[in-house]
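Listed in TrEMBL:
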{"type": "REGION", "residues": "1-73", "note": "region 'Disordered'"}
{"type": "COMPBIAS", "residues": "35-60", "note": "compositional bias 'Basic and acidic residues'"}
{"type": "DOMAIN", "residues": "175-433", "note": "domain 'ABC transporter'"}
{"type": "TRANSMEM", "residues": "544-566", "note": "transmembrane segment"}
{"type": "TRANSMEM", "residues": "578-598", "note": "transmembrane segment"}
{"type": "TRANSMEM", "residues": "619-647", "note": "transmembrane segment"}
{"type": "TRANSMEM", "residues": "653-674", "note": "transmembrane segment"}
{"type": "TRANSMEM", "residues": "686-707", "note": "transmembrane segment"}
{"type": "TRANSMEM", "residues": "713-732", "note": "transmembrane segment"}
{"type": "TRANSMEM", "residues": "792-813", "note": "transmembrane segment"}
{"type": "DOMAIN", "residues": "870-1113", "note": "domain 'ABC transporter'"}
{"type": "TRANSMEM", "residues": "1211-1228", "note": "transmembrane segment"}
{"type": "TRANSMEM", "residues": "1240-1260", "note": "transmembrane segment"}
{"type": "TRANSMEM", "residues": "1280-1307", "note": "transmembrane segment"}
{"type": "TRANSMEM", "residues": "1319-1341", "note": "transmembrane segment"}
{"type": "TRANSMEM", "residues": "1471-1492", "note": "transmembrane segment"}
Amino acid sequence: MADGVPKELGLNHPAQQHGATANRHVQGASHKHGEKQPDTTGDKELQPSEKQWERPRISSDAHALQRTTSGVNVEQAEKDFAELSRELSAISRRVSRTQSRASGFRSKDVEKAISSSDDISDDAFDLETALHGAREADNAAGIKSKYIGVIWDNLTVRGIGGVKNFVKVFPDAFIDFFNVPGTIMSILGRGKKGKEFNILQGFRGVAKPGEMVLVLGRPGSGCTTFLKVLANQRYGYTGIEGEVLYGPFDAATFAKLYRGEAVYNQEDDVHHPTLTVGQTLGFALDTKTPGKRPQGLSKAEFKDRVIRLLLKMFNIEHTINTIVGNPFMRGVSGGERKRVSIAEMMVTRATVCCWDNSTRGLDASTASDYAKSLRIMTNIYKTTTFVSLYQASETIYSQFDKVMVIDQGRQVFFGPAKEARAYFEGLGFLEKPRQTTPDYLTGCTDEFEREYKPGRSPQNAPSSPDSLVEAFNKSAYAEKLATEMAEYRQSIQQEKQIYDDFVAAHREAKRKHTPKESVYSVPFHLQIWALMQRQFLIKWQDKFSLVVSWITSITIAIITGTVWLNQPKTSAGAFTRGGVLFIALLFNAFQAFAELASTMLGRPIVNKHRAYTFHRPSALWLAQILVDLAFASVQIFVFSVIVYFMTGLVRTPGAFFTFVLIIITGYLSMTLFFRTIGCLCPDFDYAIKFAAVIITIFVITSGYIIQYQSQQVWLRWIFYVNALGLGFAAMMMNEFKRLTMRCTNESLIPSGPGYGNIENQVCTLPGSRAGSTEVSGTDYVKTGFSYDPSDLWRNFGIIVVLIAFFLFTNVLLGETIKYGAGGRTVTFYAKENKERKVLNEKLQERKRRRQTKQDAGDSSELNITSKAVLTWERLTYDVPTPSGQLRLLKDVFGYIRPGQLTALMGASGAGKTTLLDVLAARKNIGVIGGDILVDGVKPGIGFQRGTSYAEQLDVHESTQTVREALRFSADLRQPYEVAQEQKYAYVEEVLCLLELENLADAIIGSPESGLSVEERKRVTIGVELAAKPQLLLFLDEPTSGLDSQSAFNIVRFLRKLAAAGQAILCTIHQPNSALFENFDRLLLLQKGGETVYFGDIGKDAHVLLGYFHKHGADCPPDANPAEWMLDAIGAGIAPRIGDRDWGEIWRESEELATTKAEIMEMKATRQREVAGAPQLDEREYASPLWHQIKVVSKRTHLAFWRSPNYGFTRLFNHVAIALLTGLAFLQLDDSRSSLQYRVFVIFQVTIIPALILAQVEPMYDLSRLIFYRESAAKAYSQFPFAFAMVCAEMPYSLLCTLGFFIPIYYLPGFQNASSRAGYQFFMVLITELFSVTMGQMIAAITPSSFISSLINPFVVITFALFCGVTIPKPQIPAFWRAWLYQLDPFTRLVSGMVTTELHGLPVVCKAAELNSFPAPNGTDCGEYMRDFFAGGGPGYLVSNASDVCQYCAFKLGDQFYEPLQLHFGDRWRDLGIFSAFIASNLILLFLASRYLNFNRR
């Protein structure tokens, strides 16, 4: 065994030596032993030169060291894959096979392992022999191999798109809403989405087991659609015609029986961000690993070994305990996250694998390693592999057997990869020997990039998709394809045993108890168990949310407990006990509201795992509710203990545990209700509208605000499907059936001096009996609420039935409903006005001239006058970590001169973006050391304004058009003194430069609905160019995610800029030779932030390669220098060339000394030159404050106008809730009960913050992300941003106020005198403005809208508790009454509105509301009650002369609110104080936006 193999694994390999002839490994060359193999590996088609794949021999002579291949240790990786394959598929059925497996584990110290084996012959190990040994062992154990080919014939796919859509604005939302049939269809996800068109048309081909097919095409050509359809992911498309066969199985059969055998790896990485890499892969293994394990290995050991094996293969072992993260949560890097996605899909052990642009974000070396790993996997597993790549090197291309070229949805070539180039050259396209084959093939489909041979032109050579298809159909390749397809169809019939083995192997891979017909590997109960473990980790590891949730719950519990502290068992505590019960139920039920967002945001992961057949969606819902129940039960129990015992509710075990049980079931019911809405609705706006209406109905019909017997008849049925109403009723019965209350003097009529005989008094509490001061709780709830205590467990049972119903609905919807549209990314446009029409015509004319070569692309308008030089010396950067300071940059030297284009390159994690951030002055954490100088002096405050930085993430105001975004940048970042006409003319130049003529009026949007990735990248660059930076232009990965032609265009644009005098520093991934040679200089970093090289590149990279040659590393003549140099320094999986660290070599090199000397000379020269020059403009911002406010406010108003769902959803919720409330309390009469109802209607106004906060905060947060990017560029300051956000909300606030006020005020029949109605309108308006400004203030003081959402329940409930409605002011404990009651803004709202409505309102009791009691013998009622009324007693007698007194508790509305210490005379004071709260919100908002910066970088 080689020294590098870990002996503790106890595995033996058939060949006990370390070494390989790698070309056979990668290409699967000639087979021995006479075994007939499927003709799948393309042995002759893909045979690279022996020199390219020759394994380097390690020598002590550094100059003899050569490195001829990049990337993975091929033989080692094959052993790893073989190991993984057997462990995943065979181990459960063959425990005794342990000794026959290949080990092949690499040493952790790769270099030592290779060094220790440098005396081993390259020919000593033959992969073929090893694989045959493993296969023979498989055959001996009866293990059948599992592989399958794919054939597609006349495949046509239709989707939605292909039409010009105009952006919708706020009024369009009204038009759409009142289109009732269309709205209903949209809610059901079946609304009209656009015009149908062919995404793919007439595709045909075949891929056999063990073949790799490269799919090439420009973005939007249909590559993704083709891969998804072959992976049998067909939902979202409007029609699929033609035939796709997986072996003998058609697509429907394959989907039904073998869904997880064809899988698709999407371009975006979708994972649970709070899970670690190890946990992510561990969950996948839990659902895909067979049950039996090798002897002596526990399940945990087995899983751990496989996870580490996968991580080792992709060189991400160090990430096993790091969370995956996402763009908003720091975790592993983007390249590492991509490799996690790849590893996760490999766990599926699928036979057909489709990879969609999976090298996006990977450096050249890692991308090459990935492609070779796919080749190895395909060879060993005999999988059928399809890969689409936008940027592919020649090394990557050489791994593929076949290539498909797509042009606008048409298949223009399908055939051997090695012959594709010659085919297109034969069509008449110009040979471009320096261009990589993938770039050349893709370029032939681009009408603006392809060139023809002399004598050929679009007139006599294929120049359109149709003509290219026609040429292919007439070619010999089409004949060969037809023959191959016919032969394959024939082989399907002849090789029945292969497919029988496939079926058997698929069946044997399932765990015990898994149904035979199931597509899943593990039974349903084990899926639930695995999901429960994952869900527990997701919740437990999201510590912040957990802590905030607990703090909120306990705080609300303590506040509730202290507000209702030790409620008396008297009539005074009857209604307030109901308030305690209602708040306890409502708070915990509404904690489940977060499930609405999480359900909708979790859809992509559910869809992916369903396609991978990890688990059924229904298993997820069941697992989630079980884990939620565990977490929620503990939290609810603690909440209940605090509330229950502080408030003095009935202290018996039965009553307490029933109280807890009802809250838990109410929480579960609402959780499942919100999840059902999340499953049902196509987007968040529909979900919010739907949820708002239903929740309002539930609260109104709960029985607390309006009792069951007083509700409108048409509303009463809702009680029986309302978990809040059923729960509240059950809690009231549970509490009051055990309670007997004593009537207090305040509840006895008449009371006071001289009134002591209970026989002549009556208790006003519902359920009281004549002649008794005690009231049974049972009678109280029967009379006051129409609840019968015997119905308690009936109500509980109905809640349990509702839980079961919602759970069933969840399961059903999860299994049946899928959202996702198939088609092109929809681009929206702003409608042209006169000015834009003229401008667009000019742009189109310039585009036509450029395409016909009449316009040479003169860059005279782009001349840069600055001669400033940026230098950095001994540059270091340290960041704080839990273990101390971590150095990310180490003694970096360099400079950028005007007119030079400098490339910044290195492996993932080498510190490229970090260096750009430091140089561009974007870092606000960590310690920067060394000197960064402009012309030999430290940069002034105008440095950031004078530089432009196109960051890696394309962050834009999504509602702007491209022209508007560029104009915004030019307006604010070019000097204010420059005329606006001149700025806008320059913007038109930039649009032409970036070839954005057709998109000038296109809305930027999001990647899902807007510009494509490549177009957004060009806009990002355009925004920075429009600023006309006087000093520098920084770009972070401007070509990442683009196809090669788009990448080349962007670098060509940068070259043009540099020629105009711009100084540019640009990080770049995966450049091909043609791209690389556009750069003048290179700064190369290795991991750890150390410089490896800084200097000229030279023609054909001769200067760069000369440096490496001098230090013992020679680049093969046919290699791409940009890829090779990364491999040479050890950026990939394989070790570096040489026995010395390249960073150390650089530190001791002559080139570094020369660089230092050049820096000193440049500093001295520039200091002399600028000494006599005019002083540079050192303003922090280019524009004055008033101009910033004007421009930013205009854009923000436009953004709101073009976000119709935002404004309309808010208006809809206001109108719907006001309408429902108005109808529930329709035309209140003058009765006693109506006084209370009028107060409750007013109390409904306090729901406005709950409606607004959830919408305002995310909008502010998203806008702040854009502000962070633009403020870092010194476009505008904090005040204009905050001011514009406040102003933009005002028109919608006024509209919402009107929509809310009219129904909620006039439907219940409130006083319609203008003096009353006008005041009430202003109160509602102030409430609206207060809510908006509070939402923005909360968003400003919190780092994200997620954290804001956790604060909202606390704020809303606290305001509602202390405003004097749920518990009257006199009953609020003195501690809270002294300060919190006064500080509560809703105190002023309730006080002003209640007194304005009830002042002077006459009360006429209904017969049922009259209290009857006998007058003493010999006295009539008037005489008996005289002293009571004289002492200020409220109410009136129906008749003074009667001896049976009929008493109404109130004569005027004033008598209702005066005991609550409210006064009509204070109403204008209340309005003024309430307005002052708005001012305080604004002050805090502006201060927070000025001094709080959550953009940590």
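Cβ coordinates are placed from backbone N, Cα and C, and glycine is handled just like the others.
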Restricting to CB pairs under 8 Å, which listed stretch, 619-647, 653-674, 686-707, 792-813, is in contact most with the transmembrane segment (578-598)? 653-674
Among 619-647, 653-674, 686-707, 713-732, 1471-1492, point out the range having the most Cβ pairs under 8 angstroms from the transmembrane segment (1211-1228). 686-707
If we call contact 3 or more Cβ pairs under 8 Å (sequence gap 6 or more), are the transmembrane segment (792-813) and the transmembrane segment (1280-1307) touching? no
Cβ pairs under 8 Å with the transmembrane segment (1319-1341): which stretch of 653-674, 686-707, 713-732, 1240-1260, 1280-1307 has the most? 1240-1260
Taking the transmembrane segment (686-707) as the reference, which of 653-674, 713-732, 1280-1307 gives the largest number of Cβ pairs under 8 angstroms? 713-732
Would you mind listing the long-range same-chain contacts of the transmembrane segment (1280-1307), meaning Cβ under 8 Å and 6+ residues beyond its ends? 1185, 1188-1189, 1191-1193, 1195-1197, 1199-1200, 1207, 1210-1211, 1214-1215, 1217-1219, 1221-1223, 1225-1227, 1241, 1244-1245, 1248, 1256, 1260, 1263-1264, 1267, 1271, 1317, 1320-1321, 1324-1325, 1328-1329, 1332-1333, 1336, 1340, 1482, 1485-1486, 1489
Six or more residues beyond either end and a Cβ under 8 Å away: which residues meet both conditions relative to the transmembrane segment (653-674)? 581, 584-585, 588-593, 595-596, 599, 625, 628-629, 632-633, 636-637, 639-640, 644, 691, 694, 723-724, 727, 730-731, 734-735, 738, 792, 796, 799-800, 802-803, 806-807, 809-810
So what's the average pLDDT for the domain 'ABC transporter' (175-433)? 84
Which sequence positions outside the transmembrane segment (1471-1492), separated from its termini by at least 6 residues, show Cβ-Cβ distances below 8 Å to it? 1278-1279, 1281-1283, 1286, 1319, 1322-1323, 1326-1327, 1329-1330, 1333-1334, 1336-1337, 1340-1341, 1385, 1388-1389, 1392
Contact set, same chain, for the transmembrane segment (619-647): CB under 8 Å, 6 or more residues outside the stretch: 524, 527-529, 531-532, 534-536, 539, 549-550, 553-554, 556-558, 560-562, 564-567, 577, 580, 584, 587-588, 591, 606, 656, 659-660, 663-664, 667-668, 671-672, 675, 807, 810-811, 814
